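Visitor: Feature list, courtesy of Swiss-Prot:
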- 31-50: DNA-binding region (DNA_BIND)
- 8-68: domain 'HTH tetR-type' (DOMAIN)
Amino acid sequence: MPKVGMPDIRKPQLVQATMTVIDRVGLHAASIALISKEAGVSTGIINHYFGGKHGLLEETMREILRQLSNTVTTELKALPADAHQQRINAIINGNFEGYQAENKVSKTWLAFWSYSMHDAQLKRLQRVNEKRLISHLLIELKSIFQPDQAELIAHGIASLIDGIWLRGTLNPEGINADKARAIINDYLDKQLTFYSCQRD
């Protein structure tokens, strides 16, 4: 976490610089010197407020997660509470819209996933994000499916989101948001058909 006193204007500037440098040279080569140069600040500012590269990466991921949470929450607030399929689509859309689909954001996500396997604090952030996604999905899915079915489908959708993200990040053309939504909605439609047939 950044220390208190960091000017608010500097935080987004440094977060954007971090993602830009990771996009350009990768996580391991993204040095404090390169990031500070990109942001137009001294290395001392980064070291003072963030304690170095690790702290800056953590703050960058927190910002990406905040943006994701805000996008999904805003979309859900615009929909009726009983519009469950639309709300599921809103949760899916939030993971592939605008900011989240930018190349530099997706590459930072990929670096974060890799880093979090060996870092307790980043792993905790990843777990919080994962649990939030599953929780959002289960609230809606349990209104359509039996609890055990909803649990399986929620994890299926989450796995598709992660897998499409990974493939899109590794693709030079980036993430195809329309195709991502089509794939996941096709899966959801098939689950609806499958479990409806079982009830008949």
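Cβ atoms here come from the backbone N, Cα and C positions, even for glycine.
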Visitor: Can you tell me the mean pLDDT for the DNA-binding region (31-50)?
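Guide: Its mean pLDDT is 91.
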Visitor: Give the residue counts of the domain 'HTH tetR-type' (8-68) per reduced DSSP state, in the order helix, strand, coil.
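Guide: So the domain 'HTH tetR-type' (8-68) is made up of 48 helix, 0 strand, 13 coil.
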